[in-house]
Structures are given as structure tokens and as C-alpha cells.
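Here's the structure we're looking at; comments come further down.
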Amino acid sequence: MRIPTTLLLFVGALIFSGAGTVRSDASDHRYKDGDSVPLYANKVGPFHNPSETYRYFDLPFCVPEGVKDKKEALGEVLNGDRLVSAPYKLNFRDEKDSETYCRKKLSRKDVEQFRRAVEKDYYFQMYYDDLPIWGFIGKVDKESKSDPSEFKYFLYKHIQFEILYNKDRVIEINARMDPHSLVDLTEDKEVDAEFMYTVKWKETETPFEKRMEKYAMSSSLPHHLEIHWFSIINSCVTVLLLTGFLATILMRVLKNDFMKYAQDEEAADDQEETGWKYIHGDVFRFPKHKSLFAASLGSGTQLFTLTIFIFMLSLVGVFYPYNRGALFTALVVIYALTSGIAGYTASSFYCQLEGKNWVSEFQAPCRTTKYPREIPTLPWYRSAIPQMAMAGFLPFSAIYIELYYIFASVWGHRIYTIYSILFIVFIILLIVTAFITVALTYFQLAAEDHEWWWRSFLCGGSTGLFIYAYCLYYYYARSDMSGFMQTSFFFGYMACICYGFFLMLGTVGFRAALLFVRHIYRSIKCE
């Protein structure tokens with residue numbers, strides 16, 4: 001365990017140094033009265049299209065003099081952050097009441113641009129002392145109006161900040177838009193706008209070390225957490241009962257097979273063999289496209305290792321809410337560090353499969369015959385696609401409920417922090433994937449079909465196809481995403497993620513099937 005622990009510590013150090021933000025227990029967040037506290041405007045974009053974001057000043061807000069871009073770390077760049085100095089001055093414990101920071105005449109083009117943004121529910125995001133701030137830039141008045149041409153569009157021009165502090169540290173910040181201070185954007189005409197802001201400071205007893213806890217409460221409130229646990233437990237118990245039921249049947253069938261073959265060996269050695277023993281000379285015949293098969297196993301092993309390390313970091317609290325870019329930094333760093341695992345696994349397995357210019361030996365309990373046996377004609381439901389459909393459905397049903405929470409976090413604005421539940425679901429996913437692949441491999445061998453190598457990999461990875469099908473359902477039924485940019489981002493990125501799941505779970509399924517096949521053929525007498 002020395003090497004993984006060292007690697008974990010190294011990755012953690014890289015994340016903390018490259019994620020772009022300091023942990024909430026840092027010692028440099030102390031201020032005196034009147035000190036300047038860093039405030040950065042990050043981005044704006046449609047609320048329902050989380051991937052479609054733009055620079056804050058891409059909208060015609062007042063641009064203050066000396067605007068500077070914040071030097072961003074790797075994680076912030078990967079996260080799509082665009083931090084620039086904000087137009088507001090929120091000095092420590094310095095209260096302001098309706099202070100004007102800008103007067104601007106909005107041109108017709110500016111009015112049109114703001115109106116389109118308000119129509120799409122644009123929101124803004126800022127960071128004040130590494131604490132996130134959100135707000136909508138305007139509102140649409142639809143009251144008692146059914147015709148969209150009668151809607152009225154307004155831009156908020158007064159933002160009210162309420163900041164909580166404990167001694168010399170900032171603990172919390174809230175932003176509220178004044179609903180009575182508006183700029184009418186309904187008509188295409190020049191408009192005079194006076195932008196203002198108010199700052200109120202209040203003392204709190206909340207310690208600095210706990211200031212990030214409020215952002216995790218949305219996913220861990222007692223009521224929501226109880227429903228979450230109940231749904232997950234209900235789903236997992238159902239799946240495990242089905243898995244246990246199938247496992248019991250499979251064990252009994254195998255036991256009967258072993259007894260039958262043992263009696264046949266004692267009765268007559270020249271008796272014709274049937275079932276999976278009949279193909280013992282072909283079951284370890286190497287698959288077609290050995291190079292591709294070995295490369296797939298190598299990539300799947302790397303992704304499995306990557307997932308385990310990500311879970312380890314999440315369970316020790318590295319990915320706390322709004323640690324900007326920490327997850328993306330971890331993915332890039334760990335993926336790079338584990339690339340050797342993919343190369344070693346692929347080349348090692350390619351050696352065992354007697355690849356070109358390699359010499360090695362595959363540990364098979366039965367000798368492979370020179371010529372392959374002919375596979376008997378099988379019914380349609382024993383072909384690859386129906387088998388993949390059956391193999392992917394049960395593991396997918398184990399993670400179906402958790403997928404909604406993950407999608408709502410990745411493709412929405414919810415915060416996901418209950419990594420313990422996710423880890424339990426992941427373990428169950430691995431167990432169910434391994435077992436269902438073993439079961440289908442047994443039925444395939446019992447039908448005297450010895451081409452199980454690729455089939456076990458495809459059956460194990462078929463859950464990835466079900467996840468991608470869920471993407472279609474989520475996009476059209478559970479989200480309000482729209483537009484070419486957001487649609488291409490969603491389906492493009494999810495295709496890559498589901499392909500990664502396909503490789504990882506395919507590797508898990510094949511490894512489980514290989515152990516099973518070696519075990520059953522080692523338990524019988526093979527000539």
C-alpha cells in the first residue's frame with residue numbers, strides 16, 4: 001500500500017496547488033477594517049444551459065478602469081472560469097447604501113443584447129474571498145399575458161450585498177437584486193441606466209472553518225438525505241436479491257454439472273461429451289483482433305484505477321463545494337500518472353495472447369486443439385445484441401436513481417457531496433456487472449459457443465450504452481437545456497463518458513468471466 005498512498009498524497013498536493021483556490025482553513029483570509037477583499041466576476045450564461053457561459057463583460061455592463069484578468073490555474077481553465085476584477089468595491093466592514101458606481105446610456109444594440117439575455121434567464125457568477133455569488137441579471141414580466149409579444153423585460157440595476165463576518169474573516173455573502181430598481185428593456189430605444197449597489201455587514205459566530213458547509217447542505221438536509229438513502233437502499237436490495245437468486249441457480253446448475261461429468265468419467269471415458277465440457281479444447285482459443293482486445297483491457301484497467309483514486313480523494317474531503325477546478329485537475333493528473341497502467345496491462349495481455357514478436361504463455365487449464373469446433377446454430381436471443389441488452393439492464397437498474405442526482409449536479413446547478421452513497425452504488429455496480437457477465441458466459445459455454453472473449457467484454461460494458469440512452473431521457477424529459485451549443489456539449493461529452501464506462505465495466509466483466517472459466521475447467525478432467 002506504500003505506492004498508492006504516496007501517489008494519493010502527491011495527487012492531493014497537486015490539486016491543492018493547481019485547483020485555483022485555497023482551502024477554507026487557510027491562514028491568509030484575514031482582513032482589517034477597510035482592507036480590500038478580492039472580488040472577481042466570473043461568467044454569465046443561460047441558467048438552463050450550464051455549459052453555455054460567456055465572459056461577464058461580454059454583456060454591455062459598465063467596464064471599470066484597470067480591469068485585470070485573474071491568473072488562472074489548470075483547474076480553473078478546465079472548469080471554464082473567466083475571472084476578472086468586478087466593478088464593485090466591497091472593502092472589509094465598509095458599508096455602503098445605494099452607491100452609484102456607473103451611469104451609462106444603453107444604445108439600442110445594448111438594449112437588444114440585454115433583452116435577449118433576460119429572455120434566456122441569464123445569471124451571473126462572482127467570487128468574493130473565494131465564496132460564490134449568483135444572481136439573475138433581469139426578469140420577464142409575464143403576469144396576465146399569454147402572448148409573448150406582450151411580455152415586458154427588465155434589467156436589474158441595484159444589487160444588495162449582505163456579508164457576514166467573524167472577527168477578521170469573511171464567513172458568508174449573499175446577493176439580492178432590488179425588484180423595484182429596474183431598467184425597462186421592452187422597447188428598442190436608448191435608455192439611461194444608473195447602476196448601484198448596497199453593502200451591509202453583519203457579525204456571526206460561525207467559525208471560518210465551517211463557512212463552506214452551507215453549500216453542502218442542499219444535498220444533505222435530513223429530509224432529502226433520508227429520501228436519498230431510502231431510494232438507493234430500495235434499489236440496491238432489489239438488485240442484490242435478483243443477483244442472489246440468479247447466483248443460487250447458477251451454483252446449483254454448476255454443482256449438477258460437476259457431478260454429472262464426474263459420473264461420466266467413472267462410467268465410460270469414451271462417452272461423448274456435451275455442454276461446456278465438450279468445448280474444453282476451444283474455450284481458451286484466443287480471440288480475433290487480439291491487439292484491439294488487449295488495448296481495450298489496458299484502457300479499461302486505467303479508467304478503473306482512475307475511478308478508485310477519484311473516490312479516495314472524494315471520501316477524504318478534497319472535492320468540497322466550490323473548490324474551483326479540483327475535480328478536473330485530479331482527473332488530468334491521475335489520468336496522466338496512471339497511463340503506465342494501461343500500457344503495462346495491454347502489453348502484458350498481448351504477450352499472453354501470443355501477439356506478433358512476443359513470446360509468453362497464457363495460463364489455461366486445458367490444451368487448445370489445432371482446429372476450432374463448429375459453433376452450433378443458436379436462437380436469436382443468444383446472439384450478441386440481445387445478450388448485451390440483458391447484461392446491461394440489471395447493473396443500470398442499480399445506478400438509475402443515483403444517475404439523476406449526478407446529472408443534476410454536472411448538467412445543472414445542484415451540489416453533489418454525498419460521495420459515500422455514490423461509492424456504495426459503484427461497488428454494487430461492479431458486483432452486479434461481474435456476476436451477470438459470469439452468468440451469461442456460462443449459458444454461452446453451455447450452448448457450446450466457445451467465442452466468449454469479446455462477448456464477455458461487450459456484455460460487461462453494455463451498461464455504458466444504457467447510460468447513454470438515459471442521457472436522451474434526461475435531456476428531453478428532465479432538463480430545460482436547448483440550443484445547438486448546449487446540445488452538442490451534452491451529447492458529445494456524455495458520449496466520451498459513456499465510452500469510458502463501456503471500457504471500464506467491459507474490463508471488469510471480462511476479468512470476472514476469465515476467472516470463472518479458468519475455475520470451472522480446472523475443476524474437471526480434460527484430455
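These residue numbers are counts, starting from 1, taken along the chain as shown.
Using the three backbone atoms N, Cα and C, a Cβ is placed for every residue, glycine included.
Residues or ranges marked as signal peptide in TrEMBL: 1-24.
Residues 219, 394, 397-398, 400-402, 405, 418, 421, 424-425, 428, 431-432, 435-436, 438-439, 442 of the same chain, all 6+ positions outside the transmembrane segment (227-250), place their C-beta atoms under 8 angstroms from a C-beta of that stretch. The annotation transmembrane segment is assigned in TrEMBL to 227-250 (among others).
Positions annotated as transmembrane segment by TrEMBL: 292-320 (among others).
Under the heading transmembrane segment, TrEMBL lists 326-346 (among others).
The feature transmembrane segment is assigned by TrEMBL to 388-407 (among others).
Sequence-distant contacts of the transmembrane segment (419-445), counting only residues of its own chain at least 6 positions beyond either end whose CB sits under 8 Å from a CB of the stretch, comprise 228-229, 232, 236, 239-240, 243, 246-247, 250, 253-254, 275-276, 279, 283, 307, 311, 314-315, 319, 382, 387, 390-391, 394-395, 398-399, 402, 406, 452, 455-456, 459-460, 463, 505, 508-513, 516-517, 520. Residues annotated as transmembrane segment in TrEMBL: 419-445 (among others).
Residues 293, 296-297, 300, 384, 387-389, 391-393, 395-396, 399-400, 403-404, 407, 411, 429, 433-434, 436-437, 440-441, 487, 490-491, 494-495, 497-510, 512-513 of the same chain lie 6 or more positions beyond the ends of the transmembrane segment (457-477) yet place their CB under 8 Å from a CB of it. Feature annotation from TrEMBL assigns transmembrane segment to 457-477 (among others).
The transmembrane segment annotation in TrEMBL covers 489-517 (among others).
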- prompt: Going along the chain, which residues at least six beyond the ends of the transmembrane segment (388-407) come within the CB cut-off of under 8 Å?
  reply: 219, 228, 231-232, 235-236, 238-239, 242-243, 414, 416, 418, 421-422, 425, 428-429, 432-433, 436-437, 440, 458-460, 462-467, 470, 474, 478-479, 505, 509
